[in-house]
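**Student:** Following this message is one structure expressed as structure tokens.
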Amino acid sequence: MKTKYRISVLPGDGIGPEVMREAYKILNILKNHFSLPLEIKEFNIGGAAIDQEGVALPKKTLLGCENSDAILFGSVGGKKWDHLPIDKRPERASLLPLRKHFNLFANLRPAQLYSELKYLSPLRSDIXIKNGFNILCIRELTGGIYFGKPTGRXLKKNNIEYAFDTEIYYDYEINRIAHLAFQLAQTRNYKVCSIDKSNVLNSSVLWRETVQKVSKNYPDVHLSHLYIDNATMQIIKDPNQFDILLCSNLFGDIVSDECAIITGSIGMLPSASLNEKKFGLYEPAGGSAPDIEGKNIANPIAQILSVSMLVRYGMNLKKIADKIDQSVISVLKKGYRTADISNNNNYLKTNEMGDVIANTLISGE
């Protein structure tokens, strides 16, 4: 491990600063209790940066991220900045440029339904079953139809308007995301399901062929393929059959949100975006939730689990990441809840949940 591991913390807007305060409790425990050599610096991002520095992604923030080993991100955006041009708003002008600047091509979205929270899932109880489910959706983030050229809108001579986008994938883009999926499968349950539409799309034919070739390097991992339409049905029908879902940009955008909603609370779900050097941006899967900003009722678990993902994938310290995850599970088993996951009015405030998880991590109970 490095003698110093530098983390740029970007709290952002809405509930971002509130849940980030709870993540700091975990970071301080990692420094002081587990003796991890963390160097933590905080920078402005999003609407907060617009208000204070005039732009959503200040040069100082970008430079700080360049000089770090990982980014811990909160959330950005809110109605306050909706009057700005779209490309100047916090969401478009901060997070997307960060992803592009650091070439964060792989998005990891765990979707876990804890057995203690199965009542939250919209799925029938016999589908969610007593042990819940744990899926990791791996989405290619920098290729595909969102970035393909040409794209645009036009008008034909007979006044018929039309629009077009281009789905394009290069084999190296598929190759690197596939290798990552198989490598992560070797740390989990040795199963990868690749999702495509190769019965219709040429880009999906290349996707399936490339993933199949890469799989030969990982004979211990079982590979299966599903068309996107069937995959979305199978996830609802029996999520337990899946471990890792490997998806293109468009399909991953759809599938990762589907996996998230069947857990019942997006406030529980972290995410990571990685580049080829395993530099990563770690953030909750949810948004800035301005409607509950300042009420001290936001769920900090997704932000805390984002720290766990940073430790697992950025620092490669699986055992310590497991301890953070286990602390969350232990707290849930004891019946502690925040407002979004409580089935009654007896719930903890944001800071109280952070304290309980932090104390559990220290005690190991």
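Here the Cβ of each residue, glycine as well, is placed from N, Cα and C on the backbone.
When I checked Swiss-Prot for this same protein, it listed these features:
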BINDING   78-91, 287-299  NAD(+) binding site
BINDING   ARG99, ARG109, ARG139, ASP229  substrate binding site
BINDING   ASP229, ASP253, ASP257  Mg(2+) binding site
SITE      TYR146  site 'Important for catalysis'
SITE      LYS197  site 'Important for catalysis'
**Student:** Using Cβ-Cβ distances, find the residues under 8 Å from LYS197 (site 'Important for catalysis') that belong to the same chain and are at least 6 apart in sequence, listing them in sequence order.
**Tutor:** SER204, TYR227, ILE228, ASP229, PHE251
**Student:** Given the binding-site residues PRO90, ASP253, ALA289, GLU293, state which is nearest to ARG139 (substrate binding site) when distance is taken between Cα atoms.
**Tutor:** ASP253
**Student:** Can you tell me how far the Cα of ARG99 (substrate binding site) sits from the Cα of ASP82 (NAD(+) binding site), in Å?
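**Tutor:** Given the Cα positions, ARG99 (substrate binding site) is 22 Å from ASP82 (NAD(+) binding site).
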**Student:** Nearest to ILE86 (NAD(+) binding site) in three-dimensional space, by Cα, is which of the recorded positions ARG109, TYR146, ASP253, ASP257?
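**Tutor:** Spatially nearest to ILE86 (NAD(+) binding site) by Cα position is TYR146.
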**Student:** Say you check the Cα of ASP257 (Mg(2+) binding site) against those of the recorded positions ASP82, PRO90, TYR146, GLU293; which is nearest?
**Tutor:** TYR146
**Student:** Can you give me the residues near the recorded Mg(2+) site, meaning same chain, not ASP229, ASP253, ASP257 themselves, Cβ no more than 8 Å from the center of the site's Cβ atoms?
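**Tutor:** Going along the sequence, the neighbours come out as ILE228, THR232, LEU250, PHE251, GLY252, ILE254, VAL255, SER256, GLU258.
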**Student:** In the structure shown, which of the binding-site residues ARG99, ARG109, ARG139 has the fewest other Cβ atoms within 10 Å?
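**Tutor:** Minimum Cβ neighbour count within 10 Å, taken over the binding-site residues ARG99, ARG109, ARG139, occurs at ARG99.
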**Student:** What is the maximum Cα to Cα distance, in Å and rounded to a whole number, among the residues ARG99, ARG109, ARG139, ASP229 annotated as binding substrate?
**Tutor:** 28
